[in-house]
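Each remark here refers to the structure printed beneath this line.
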Amino acid sequence: MSPSSTRGVNPLRDALDRRLPRIAGPSGLVIFGVTGDLSRKKLMPAVYDLANRGLLPPGFSLVGFARREWEHEDFAAEVHAAVKEHARTPFREEVWQQLVQGCRFVQGNFDDDEAFETLKSTIAELDKAQGTGGNFAFYLSVPPKFFPRVVQQLKKHGLADQREGSWRRAVIEKPFGHDLTSARELNRIVHEVFPPNEVFRIDHYLGKETVQNILALRFANQMFEPIWNRSYVDHVQITMAEDIGIGGRAGYYDGIGAARDVIQNHLLQLLALTAMEEPGSFDADALVTEKSKVLGAVRLPADLGAHTVRGQYAKGWQGGEQVPGYLEEDGIDPASTTDTFAAVKLEIDNRRWAGVPFYLRTGKRLGRRVTEIAIVFQRAPHSPFDSTATEELGQNALVIRVQPDEGVTVRFGSKVPGTSMEVRDVSMDFAYGESFTESSPEAYERLILDVLLGDANLFPRVEEVELSWKILDPIEEHWEKTGRPAPYPAGTWGPAEADEMLARDGRSWRRP
Ligand code: BG6
């Protein structure tokens, strides 16, 4: 049972519960694909940081599964190096010494029955030596094509069996499928092995503090919700821009592209949190219900040619250096039509949002790394000030700065000091770093802890994943029929077509 599902019975105890640190009970984590980038940069450091913050049980165990010919010691040395390089909290020898007691490595590939039997006996050994109580989460940090194989192997070897008083969970990285049909098939396979409440689909954006703050901003305050609708909002822009290229991820990225990599999950989740109705509680069921309602109400423009754009970076300049175009990157097919930039206009067919466009864009090798949600308000219906004394005012905006400079900005017009009535745009900023002394956990820390606690609030459910593919599939199908993505020089803000898309609506993209 999720800790949140008993909430509401005793409000005082609930309030106290929420203030207590949430500490995982006896458990362990098995990572498939442990030699990959995600594991080294995010997962291993997150486990250490959780241990360092005192949020893991003393016997917590970490098992790596991969093809590499490693002994337990080699694996432990890898974890140590990853922690030293990427952990957020200071290195403490005593924490490390405790963690290393539970580090084990199992060598094998996903077809190797013997390796899965070794995994089984390793878990049994850890239950005895480390007191993990049979509670294990299996983290599939592997290319999506291996998801079915791994879960079927877990089933075949009895590793997914739920025993009385203990749990087995699956944690699945994105992208969850390639389109609606494959996502449904994958869900069917996973649900044959794990019960739905033991499947945790990762969308690491939901683990970010600033993303969780969307709900706090909207629903813990009185001043925003009354204007959070079509009567006041002109449009919404959701941007996730990266300055990096695809690096060494050609094998993953080519054929997937920006829209499947990011819009289907991160950006549609941001849209859902921004646009959904207030949930009855901060409980997984209530959140899924509201997010699914709004995703189900998303409508695509009739003319996809005019209201969607896909692009691909060409050679250009970034940080004073010349960088290669996508087609020149190592491992990329020189004829590839994969999108590294995608922009779409969506509308939401409900009373709150009818007629308000939501513009979503994402891309690699753009001007700079920034993720933000900008709620852009309508212009004041009338200005009593002489227009010659008033600069051309922008529209009021509330900008949720997801990263890197986490916070919220409100933009509004203000009188310029002086003897005339001149009005100019100014902004008011809230910055996490200035208002809080508490440090934010890394998204993966929060999500791994939630998995161990069985708390599903921050994980997209099957309904949301499927609804998101329903939104994206027609766009991808349209793009497949329309030739190559539009090129844009690295270091710019995407193809000219993206600017034209907004100009057609009399609007322009923000330059964050
Ligand atoms: C991942 C995408 O989900 O998010 C990557 O697969 C992208 O392509 C990454 O680079 C960005 O994450 P963040 O947390 O740095 O914004």
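For all residues, glycine too, the Cβ spot is worked out from N, Cα and C.
Fair warning: this is a prediction, and the values are worked out from it, not measured in the lab.
Sequence annotations record features per position, and here TrEMBL assigns domain 'Glucose-6-phosphate dehydrogenase NAD-binding' to 30-213.
Neighbour count (other Cβ atoms within 10 Å of the Cβ, all protein chains): 13 for R67 (NADP(+) binding site). Under the three-state DSSP scheme, R67 (NADP(+) binding site) falls in the coil class. Summarising the annotation, TrEMBL assigns NADP(+) binding site to R67, K174.
Per TrEMBL, substrate binding site is recorded for H204, K208, E242, D261, K364. Under 8 Å, Cβ to Cβ, and six or more positions away along its own chain, D261 (substrate binding site) finds P175, Y253.
Under the heading domain 'Glucose-6-phosphate dehydrogenase C-terminal', TrEMBL lists 215-510. Taking the domain 'Glucose-6-phosphate dehydrogenase C-terminal' (215-510) as a whole, pLDDT averages 95 in the prediction.
Around H266 (active site, proton acceptor), the C-beta neighbours below 8 angstroms that are at least 6 residues distant in the chain are D203, Y205, M240, T362. What TrEMBL records for H266 is active site, proton acceptor.
If you look up TrEMBL, you'll see 482-512 marked as region 'Disordered'. Shown for the region 'Disordered' (482-512): DSSP residue counts in helix, strand and coil, namely 8 helix, 5 strand, 18 coil.
For 501-512, the entry in TrEMBL reads compositional bias 'Basic and acidic residues'. When Cβ-Cβ distances below 8 Å are used as the criterion, the compositional bias 'Basic and acidic residues' (501-512) is approached by residues 234-235, 237, 239, 241, 306-309, 343, 345, 357, 359, 361, 367-368, 370, 372, 374, 397, 399, 493 of the same chain, each at least six residues removed from its ends.
Restricting the binding-site residues K208, E242, K364 to those with a CA within 10 Å of the CA of K174 (NADP(+) binding site) leaves an empty set. Checking the binding-site residues R67, K208, D261, K364 against ligand 1, the ones whose Cβ sits under 6 Å from it are D261.
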